[in-house]
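*Asks:* For reference, the structure I am asking about is given below.
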Amino acid sequence: MKSRKNCRPEPVLVMMALFRVRVLMSTALPSLRIVMLLAAVIAITPLAIDMYLPALPLMAKELQTTNALVQQSLSIYLAAYALGMLLFGPLADMLGRRPLALFGLAGFLVASVALSLVSSIEGFLLWRALQAFCGAAATVVIPGIVRHLYQQHTAKGMSYVSMIMMLAPLIAPAIGSGVMYVTHWQHIFSLLALYAAIMLLLCWHFLPEIKQQSGNSIRPAFFSGYQQVFANRSAWPFIAISMFASFSFFTFLTAVSFVYISYFGVSEQLFALLFGLNVSSLMLANFINSRLVTRLGPQRMLTLGLVLALLAATTLSGVNAAGLGLWYTVASIAPLMASLGLIATNADALILMQFPQHSGTATAVIGTLRFGSGALAGPLLGLLYTGTALPFSLLMLAGTLCILGSVIWAKSLGH
């Protein structure tokens, strides 16, 4: 007869062990609810940019102005957003992330309501700038919250947030078109106001506050955060990588309608499908990154993205130099966009991990350089205009080569 001591209920022990592991995993990383909330807040920016694009021609007519002036509202939005990031990044480190997010969402809500009521182009541009400025306050805090919650798993957290957030540019143009089909274009901004109100309510209840660490840097002077970021030379190559990846992306965003519709002659419906394919490739890249980055690390994932980007950008330039058809270009752009997603996500994570007390300022630096480099895409495309897709392809290749140079720079510093 076996002793009672040796008769262990193995299934029960296994179940208890599995339960312990599950509890440890659930407490080690933030809940899906928090991740989805952070992604939904960041999604305000692509929604505000992409939802109203189908309405631009009608807006020019109803506001009695030119298409060119209405289109300037996009440039004004980007400029005001970059300015807001410069201001609110250090303030997030000084005042905390939750108050700034609530302030930004409230301001975005007020500006969106005003935009739904404007009757002149001057008023529209003014409130559009304020909308972007306040939107920057709400979104600049999110990467810092991700860094705090995920710690050494920051790249994984950023992948989750980016993957969910990518749904916004995927569906935003269709939402804007749907609103115009049912009612007036002004209600696009009413819908943005409703979205901001929901986000404000959810953040009020669920967004955690990040406690400031004790020490002399609890309330640093406004510019000391920037001094800390730029004094860290080891972060420079990764800041450059993020900037050049964004330049390549904004080159695509600026040229894509011309390349697909004007040059290749596709319909608006097919254009929407192709644009969705590009956004889907970014989502897929972030999903893959979230699965592999814990095992391989952000630096290896960045290198993997760079190899894919070099192959895809070289192929894209080759097929357009040879004058090949639409589907060759589509087949080259999709992996290129995916690779840029891998590069940008992991570069941002590597930057944020170096600034635990100045992640808001670091995010402001990243965002400002992103939008600044993206603003160069339009003038450069205009300067190199040939009526073909080749300049767009070569600019994306140039951006990828600059990423390669920045990676070599990082290697020389011991990364």
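Using N, Cα and C of the backbone, Cβ positions are placed for all residues, glycine too.
Below are the features I grabbed from TrEMBL:
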type     : residues : note
TRANSMEM : 21-49    : transmembrane segment
DOMAIN   : 34-415   : domain 'Major facilitator superfamily (MFS) profile'
TRANSMEM : 69-88    : transmembrane segment
TRANSMEM : 100-119  : transmembrane segment
TRANSMEM : 125-146  : transmembrane segment
TRANSMEM : 158-182  : transmembrane segment
TRANSMEM : 188-207  : transmembrane segment
TRANSMEM : 238-264  : transmembrane segment
TRANSMEM : 270-289  : transmembrane segment
TRANSMEM : 301-319  : transmembrane segment
TRANSMEM : 325-352  : transmembrane segment
TRANSMEM : 364-385  : transmembrane segment
TRANSMEM : 391-410  : transmembrane segment
*Asks:* Residues of the same chain, at least six outside the transmembrane segment (270-289), with any C-beta under 8 angstroms of its C-beta?
*Replies:* 155-156, 159-160, 162-163, 166-167, 169-170, 173-174, 252, 256-257, 260-261, 301, 305, 330, 333-335, 337-342, 345-346
*Asks:* Between the transmembrane segment (301-319) and the transmembrane segment (188-207), do 3 or more CB pairs sit under 8 angstroms, pairs being 6 or more residues apart?
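*Replies:* With fewer than 3 qualifying Cβ pairs, these stretches do not touch.
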*Asks:* Does the transmembrane segment (238-264) come close to the transmembrane segment (391-410), meaning at least 3 CB pairs under 8 Å for residues 6 or more apart?
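*Replies:* Yes; at least 3 Cβ pairs under 8 Å.
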*Asks:* As a test: from 69-88, 100-119, 125-146, 364-385, pick the stretch that has the greatest number of Cβ pairs under 8 Å with the transmembrane segment (238-264).
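*Replies:* The stretch with the most close Cβ contacts to the transmembrane segment (238-264) is 364-385.
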*Asks:* Can you tell me the mean pLDDT for the domain 'Major facilitator superfamily (MFS) profile' (34-415)?
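*Replies:* The predicted confidence over the domain 'Major facilitator superfamily (MFS) profile' (34-415), as a mean pLDDT, is 83.
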